[in-house]
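Novice: Quick one: the structure is below, questions incoming.
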Amino acid sequence: MQDRILPPAKAVQNTHCTAQDYAALHARSLSDPDGFWADQARRIDWDRFPTRIAGWSYDPVDISWFEDGILNLCFNCVDRHLPSRADQVAILWEGDEPGVARTLTYAGLYAEVVRMANCLKELGATKGDRVTLYMPMIPEAAVAMLACARIGAVHSVVFGGFSPDALRGRIDDCASRFVITADGGMRGGKLVPLKANVDEALEGSAVQSVIVVRHCGNAVAMSEGRDHWYDTLGATVPDTCPCEPMNAEDPLFILYTSGSTGKPKGVLHTTGGYAVWTATTFHYVFDYRDGEIFWCTADVGWVTGHSYVVYGPLANGATTLMYEGVPNYPDCSRNWDMVERHKVDIFYTAPTAIRALMREGAAPVKKHDRSSLRLLGTVGEPINPEAWRWYYETVGDSRCPVVDTWWQTETGGIMITTLPGAHAMKPGSAGLPFFGIAPELVDAGGNVLEGAASGNLCIARSWPGQMRTVYGDHERFVQTYFTAYRGKYFTGDGCRRDEDGYYWITGRVDDVLNVSGHRLGTAEVESALVLHPKVAEAAVVGYPHDIKGQGIYCYVTLIAGEEASEALETELKQLVRHEIGPIATPDLLHFTPALPKTRSGKIMRRILRKIAENEFATLGDTSTLADPGLVDSLIEGRRNT
Ligand code: ATP
Ligand code: MG
């Protein structure tokens, strides 16, 4: 297959954005940002339309958008759709067990959100209060987020897979006095004891009230005066609740990053800019058409769940599918089974899930009818071209465009992507900047590189969805993002721009290798390794090497049933040599049954780096690892390489 794939014909029909549109809109978004964003802001209903649009500086750092605008985001996601969409499904939910489903129409969503908002008010929550959500993937998770937005409370969603310790840290960090949880959640047939975890996290804490949604029916302890069943409390509250008028720059939520690179940061997003950014990106990137079923598989515990399960789709009056479980339960055809049953039009998932499903071959995909699919998307990590092709050909039957969307918790929404009806796709490249985005590649000395080049990815100008601060630590915000290159936002990612202006994320800057003076992206070496039919996944890091400066250390997991051998080691080294060149030949190969991942499924390279460097004592924060036990076996493996 060629490495430039044109949008399939159907994608171009009735698209919201052709190639010509993109060129004109992108140019205007940079030459006349105020005019452009004032126009996009009309996607949102404002109590007072802003007269000031872009008001930001990167030196000193002070960011605001739509500064004098007044709005409520819950109103925009729920109430305003009632005249036209009361009976349309807003949230289509499927539980962990196949076929267990529930739907909330926009009218139903309104009723639930009002009930939850009034429960919060009843317990004394008001504008500006932080409310921590620790929820399974059930409609009440979205309801609770929207209820907070309705009354002006700031939600902090903590992924339901986190431990009581991790939960406590996040509750304390933002001093929240309210928690919303459920008795339990189901994932892959197993009960997650959410309420019991909350009880452990709250020992000795200042949290004053906990709302408990009844979901699994498991027995839980209720602390008198503190804990309230949602069904009981919600039965007696009023059935209306006004939307709090919010200034555009009032905080909407705090979300802690996944912790791949260090201690999680409390990323703060505000109301107006985030609303415009998620509504606009959802409209263009997914090219959403009225009536379509949109399925983003992310948990609401991650930013992807915030922006593309809840706010982006609902602001656009879409039907969003929410799934409680995991992609391999009861078996690895679950996603496709759901696509078939719910006639999903747009499917958005992560490379880690695609690679895991690819391991299982085409049969589980092919046995389900996927003719409803129109568009596929990916986010979270660089996608290896091999996995991209499998997604495009096997899942999408070479019929559905794939959008590879690069963005971060910090950016609020999608930043670099192709638009499905406008651009050719290149497997492994995220694509082109979204409207208003001015990427810059900068070398170590801070020089801006022109044309085809590789460097550190910065963004030269603010965009509406940008985070405003690290909660409670503005200095960390400035230090982390604006100090390496003065006057620019530094993403922390390395990147290459090709001759067509497409961006290729090469991994975190910390992950770029310098081998005998040559700069090599870890993602490139990994993509070469996974070309081997026996290799399932690979993670590559550098380690100190006497001659080369840095040596190439490769962690490799094999397809189920395959065994490591010296012959395979030689084959893999030759494969990388052949694909990239002699300079990239791996120095050490470490076969392991699994790779350490964050709870969001990202490979935690900083731990792999430490282990490769033989720095076992200074692994840093491992609390966000999905399987902390793996670390010991990796250390053991390192001792044997
Ligand atoms: P932390 O900031 O705590 O280390 P994190 O960076 O993993 O955690 P996120 O904000 O969820 O937290 O992830 C953003 C990062 O994910 C990006 O900086 C980039 O490295 C990677 N990423 C996301 N989407 C893509 C993509 N489409 N292609 C390549 N990389 C991606
Ligand atoms: Mg990050």
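Heads up, the Cβ atoms here are built off N, Cα and C, so glycines get one too.
As listed in TrEMBL for this protein:
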- R187, G188, G189, K190, T304, N328, S516, R577: CoA binding site (BINDING)
- G380, E381, P382, D404, T405, W406, W407, Q408, T409, D493, R508, R519: ATP binding site (BINDING)
- V530, H532, V535: Mg(2+) binding site (BINDING)
- 22-77: domain 'Acetyl-coenzyme A synthetase N-terminal' (DOMAIN)
- 84-462: domain 'AMP-dependent synthetase/ligase' (DOMAIN)
- 524-602: domain 'AMP-binding enzyme C-terminal' (DOMAIN)
- K602: N6-acetyllysine (MOD_RES)
Novice: Please classify the secondary structure at T304 (CoA binding site) using three-state DSSP.
Specialist: helix
Novice: Pull out the recorded positions from the set P382, T405, V530, H532, V535, K602 whose C-alpha sits within 10 Å of the C-alpha of T304 (CoA binding site).
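Specialist: Among P382, T405, V530, H532, V535, K602, not one has a Cα sitting within 10 Å of that of T304 (CoA binding site).
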Novice: As a check: which entries in G380, P382, T409, R577, K602, the recorded positions, place their Cβ less than 6 Å from an atom of ligand 1?
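Specialist: The qualifying recorded positions are G380, P382, T409, K602.
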Novice: Could you check which of the binding-site residues (R187, S516, V530, V535) sits closest to W407 (ATP binding site), going Cα to Cα?
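Specialist: The smallest Cα gap between W407 (ATP binding site) and any of the binding-site residues is with V530.
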Novice: Tell me whether R577 (CoA binding site) sits in a helix, a strand or coil according to DSSP.
Specialist: helix
Novice: Looking at the binding-site residues T405, R508, V535, whose Cα is closest in space to that of G188 (CoA binding site)?
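Specialist: With Cα distances computed to G188 (CoA binding site), the winner among T405, R508, V535 is V535.
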Novice: In whole Å, how far is K602 (N6-acetyllysine) from T409 (ATP binding site) when you measure between their Cα atoms?
Specialist: 14
Novice: Using a 10 Å cut-off on CB atoms, tell me which of the binding-site residues R187, K190, R508 is the least crowded.
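Specialist: Comparing Cβ neighbours within 10 Å for the binding-site residues R187, K190, R508, K190 has the fewest.
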Novice: If you run through the domain 'AMP-binding enzyme C-terminal' (524-602) with DSSP, how many residues end up as helix, strand and coil?
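Specialist: Per-class counts: 23 helix, 27 strand, 29 coil.
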Novice: Cα-Cα separation of R577 (CoA binding site) and T405 (ATP binding site), in Å?
Specialist: 29
Novice: Among G380, H532, K602, these being the recorded positions, pick the one whose CA is nearest to that of R187 (CoA binding site).
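Specialist: Minimum Cα distance from R187 (CoA binding site) across G380, H532, K602 lands on K602.
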Novice: I need the least crowded one of these binding-site residues (G188, G189, G380, P382), counting other C-beta atoms within 10 angstroms of each C-beta.
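Specialist: Output over binding-site residues G188, G189, G380, P382: least Cβ neighbours within 10 Å is G189.
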